């Protein structure tokens, strides 16, 4: 973060024309090649989004008869949205509600647990910390998807499959978030501050909630964003855990709609799948726009030795 | 946290690999062990009627478009029975969930829709109820011979047939007329038509085929091939038999000549190609008209139906697709579940099924004049059911699917699919498919030879 302050403290118009050499580290030379590559990458990232936006305005017939990156004969965005929200007795809204539930409870809980545990591991010395660290690194290396099947068999023995807990409980554990919070807490909270609080007579719980948590906000937001995105996009776990459509999150529900186009008795509803996908990413885009300030500062934390 | 991006990329790669591994693992769960679970109550023909009178609640998993109307009609007729209809997914999603629930010992429905090709996979390990104990074997005469065979595995009867898909040749008359192509009666004529069409307009193809296990097995079936046979724990696989060779002899010409469009079925591109004439014909199941009417509106009035081309000009065809409804061993009320299956595919459920555009397996409906002679506006007023019901009579006998057909279908793309992509001889891919299947079968505890 010290780099940011340094940059800001420079005069805003640094010496036009002469004086500073063109290779000054503070005003890096522009590279046409890099700019070009970034532009290509920008197109690469935005074209699918543009396609999604344009396709969401088309009827099922227009989708099959008009070019992908331009409008169709009719502008059907609003009727598509209406159909998406009402198809099959409005099951899309139910899926949206489910996703929100899994995200709020699952990702929220995961962030809380990761923050508390990361803080504890960073700031308290106790036997077995190294062991925890080793286990944690191992857990980061194993992707959740690989554990889905064993988790299914375990939950099945507990009678928890086909319930919301089958999605929420596994989502509560985020080894990567814990690791991030651990590293972040060790840097962001000076030991002296905790000592001062203790001398002033604050209890450990109070220190965590009133002193530590405030210093940890950028880290918490980063972990929260990671957890929200992971839970929002969670597909394989709910796919195998749930067989009741009214518990599905959006990801599994939309796939089911998409698969309707296959085989005997096919009923393709691509226009609803596409409009549904568009509606699905809107909340995520909004979350990113609101939280990205925190996120950026969280990402760069620890990159500069203070 | 510079590494976080790289790490998330790596996690993504790992995750993708893990999904693949887990899917294989799930598929591997199938077929190997006996998992019926609950003690099996003794059934009898009377038990079915008694269960209907007593009432109760059952769960039914299905993705067929007619299921909702059927369940509503059933509950109206039997108000003391409650049927929970669940759409657990289409095709493989549905089977994965079913297999998981069987493996876990709980959570399976009482009645499930199962495609004919998947039936042995669930029936042979003992996950389904043999409906002979309810006397359902006496209904044989109500169904076509081919679908009746399809609901059997070993000696057992594991469902009553719902729809059927005897194959016929659907063709775009507008395209055929424009390029002066007559409707082919033999496969040699079909290849010639494919060459003529593609030469006249390189953007048009006689049909599309980018490698589809269901289509390939049906085509081998039509050619008289019997590559798969199962006897208890013994499975033999021979994708080098005469029938298979007969099919590759014809299809190689189309594939290596680039005469078939590389358009995967059921994609939006495919639906589009059916409407705009890019795909000029389609050898497929008799259920296709319902799909075209609903989803290929641009093709209205252009398409017609003809009998399948054959190797010698004599009528011969195969089944493609179609499902049955089966009772799961896990069911707490198998008699009521069996009663529902009987109503669904033998009694009151047939009418709503026909109304939804399905193609029946019940002989009475296949002979019913109002069904047979009904003109279809989509097909330019042609009485298409005359062709399609005729096709139901000429299905080649003696076909059976593998007891791990679903797994076989998932690896089709990695083996035979490669021949398609390389436009090379299909036999290379078929050999690879056979080798992979023999290895897998032995791993699953079958005495597999090929």
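Residue positions begin at 1 at the first shown residue.
Each residue, glycine too, has its Cβ placed from N, Cα and C.
Here TrEMBL flags A:1-26 as region 'Disordered'.
Distant neighbours of the transmembrane segment (A:33-54): 68-71, 274, 277-278, 281; these residues of the same chain sit at least 6 beyond its ends, with a Cβ under 8 Å from one of its Cβ atoms. According to TrEMBL, the transmembrane segment annotation covers A:33-54 (among others).
Summarising the annotation, TrEMBL assigns domain 'ABC transmembrane type-1' to A:96-291.
Outside the transmembrane segment (A:100-119), and at least 6 residues removed from its termini, the chain residues within Cβ reach (under 8 Å) are 164, 167-168, 171-174, 177-185, 189, 208, 212-213, 216, 219-220, 223-224, 227-228, 230-232, 234, 238, 249. Taken from TrEMBL, the feature transmembrane segment covers A:100-119 (among others).
Feature annotation from TrEMBL assigns transmembrane segment to A:131-153 (among others).
Listed by sequence, the residues of this chain that lie at least six past the ends of the transmembrane segment (A:165-186) yet keep a Cβ under 8 A from its Cβ atoms are 101-102, 105-107, 109-111, 113-115, 117-119, 121-123, 136-137, 139-140, 144, 147, 151, 155, 212, 216, 218-220, 222-223, 226-227, 230-231, 234, 237-238, 241-242, 247, 249, 298, 301-302. Residues or ranges marked as transmembrane segment in TrEMBL: A:165-186 (among others).
Long-range neighbours of the transmembrane segment (A:207-232) within the same chain, counting only residues 6 or more positions beyond its ends whose Cβ lies under 8 Å from a Cβ of the stretch, are 99, 102-103, 106-108, 110-111, 114-116, 118-119, 123, 144, 171, 174, 176-177, 180-181, 184-185, 188-189, 193-194, 197-198, 250, 283-284, 287-288, 291, 294-295, 297-299, 301. As annotated by TrEMBL, transmembrane segment applies to A:207-232 (among others).
The feature transmembrane segment is assigned by TrEMBL to A:269-291 (among others).
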